[in-house]
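TrEMBL annotations:
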DOMAIN    116-216  domain 'Fe2OG dioxygenase'
Amino acid sequence: MQSISMMSVTEAVDQAVAALDFDRLHKAYWEQNEFLVIKQFLPRSFVESTFVPQANELKPRINRNYIPGHKKGGSVSYYTVQEQAPLFLDLYRSSAYRSFLNRLVQANLLLCPDDDPHSCALYYYTEAGDHIGYHYDTSYYKGARYTILMGMVDRSTHCKLVCDLFKDDPAKETQHLELITEPGDMVIFNGDKLWHAVTPLAEGEERVALTMEYVTNPEMGRFQRFYSNLKDSFAYFGLKAVFKRAFSGPRTS
Ligand SMILES: [Fe+2]
């Protein structure tokens with residue numbers, strides 16, 4: 001068998017999907033209100049040799065943002081990933097991975113429109129205090145929005161993904177989880193259902209995560225598009241990056 005370190009991203013993802021215990025994961029995803037963690041979806045050694053060098057090369061392109069009381073951190077948008085680190089798109093666009101997701105969430109998931117900077121992006125927690133407060137990954141699209149996070153770098157004891165499962169379900173008791181996302185660990189959830197945050201990074205630590213977004217309907221109303229662009233400009237990628245693509249890219253409605 002071919003060594004994992006010699007494989008392309010597509011080959012490694014194909015092998016990872018084929019090795020999953022689908023029935024167990026499907027059951028867990030639905031029992032947890034559309035939330036699932038897959039530890040070591042890709043082996044740490046593969047992520048560290050293939051993706052992490054790319055994530056490090058993108059550091060000069062990080063857009064840092066600070067919203068007092070809610071968010072502090074860095075992001076690299078889909079536009080920059082497309083230009084400078086297309087290897088991440090081999091995972092985002094993998095047909096084996098996408099058909100696994102479709103079966104898991106029981107929907108036909110589509111790639112986001114090309115003018116969505118979150119489609120396949122990177123979040124960097126590199127300075128003390130970097131964090132994001134509790135939120136839903138609200139869908140501004142006409143359909144549902146699903147978020148997938150994959151750990152890239154996790155040199156932190158404080159910076160964790162914290163989640164309150166069933167927060168949106170008054171009939172169920174909320175279940176609090178605190179997760180570390182090691183390189184290769186994957187988290188999959190319906191953005192409108194998971195109340196989540198990332199706790200503050202301590203001095204000298206670092207956490208980097210890849211985020212991928214899929215939707216069931218890529219259309220968005222005009223007001224929703226404007227609000228979504230504003231939020232992305234201030235909270236994530238910067239005015240220039242977001243509005244440059246928004247005014248020149250394809251429109252969905
Ligand atoms: Fe989020």
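Here the Cβ of each residue, glycine as well, is placed from N, Cα and C on the backbone.
TrEMBL does not curate its annotations; it predicts them automatically.
Quantities reported herein were computed from a predicted structural model and do not represent experimental measurements.
Across the range of the domain 'Fe2OG dioxygenase' (116-216), the DSSP-based residue counts are 0 helix, 51 strand, 50 coil. Looking at the domain 'Fe2OG dioxygenase' (116-216) alone, the prediction's average pLDDT is 95.
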